[in-house]
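Asks: I am attaching a structure below and will ask some questions about it afterwards.
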Amino acid sequence: TGYLSYPSFYCSYVECCPGDGHRLNATALRAQLDARLFGQHLAKEVVLKAVAGFSRNRSPKKPLSLSLHGWGGTGKNLLSQIIAEHLHPAGLRSKFVHLFLATLHFPHQHQVKLYQEQLQKWIQGNVSACPHSVFIFDEMDKLHPGLIDAIKPFLDYYEQVNGVSYRKAIFIFLSNAGANLINKVALDFWRSGKQREEIQLKDLEPVLSVGVFNNKNSGLWHSSLIDRNLIDYFVPFLPLEHKHVKMCIRAEMISRGHAVNEKVVEVVMDEMTFFPKEEKIYSDKGCKTVQAKLNFHWDTVMRDTKAEG
């Protein structure tokens, strides 16, 4: 046994499930959200309070469940990645963080029953191994109707299910469903001369939960998770404006170890497309294509800059 009898020594070499005394660093989480997630004041505040509050609670009555909604490229995947990193240092590579992609893991409609059984066994086995497991379901809008209801017993207010407690686990759902509702509210605010920061959760959450429940392509269509109020927060991601896309471009440059070059920022911005057709306020792909466009233009712009110099 020797040194390996000391958990802290052992866990410096092997990833261990956090103990009950482990607490999320809310200050560090806020700093990461501020540095990496742009234009999403609602998502930042809701998720920070929800995750930090859940982490502080030594005896939660149910798992934490978050449903993130908005167009592609607005930051849903990024936010779930940041949450994972602050709960488990290895982030998405952690053996305690489980990412499901609807089109990859559950492709066939006729096998929904099999998927439900496999999903239940996977969640049960992993929460048994680590109560603080995180489960992320991406592409919820492509998930076959009814499939997600298989996890309903794990999200409910049960002390245990078949001898396992799920109360310390976190479930995160990512979906494009409801994006049009969110975009409409944001546009209405803009047209009435209000700041986007004036949009509050109460302006969006009720219409979002009803809209997703009644949307046949949401993955949560008539789901018992909504019907039984088992989703704690519906988190809206607003469409990104010009200034937010520029922030994404600059952040991407910095993450690559480059100094910010405003000429490159403008070249990439010139290729982005915006809506509505008349006003052109919001990026129709969010920040999704920023990396690819930066790859394409970086060398050319830098070469031209040097030639001018």
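Glycine residues also receive a Cβ, built from the backbone N, Cα and C atoms like all the rest.
Here TrEMBL flags Gly70, Trp71, Gly72, Gly73, Thr74, Gly75, Lys76, Asn77 as ATP binding site. Among the features that TrEMBL reports, domain 'Torsin-1A C-terminal' is placed at 240-296.
Structural setting of the listed features?
Replies: Within 10 Å of the C-beta atom of Thr74 (ATP binding site) sit 32 other C-beta atoms, taking all shown protein chains into account.
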Asks: Give the sequence-ordered set of same-chain residues, not counting Gly70, Trp71, Gly72, Gly73, Thr74, Gly75, Lys76, Asn77, with Cβ within 8 Å of the centre of the Cβ atoms defining the ATP site.
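Replies: Once Gly70, Trp71, Gly72, Gly73, Thr74, Gly75, Lys76, Asn77 are set aside, the remaining close residues are Asn176, Phe237, Gly286, Lys288.
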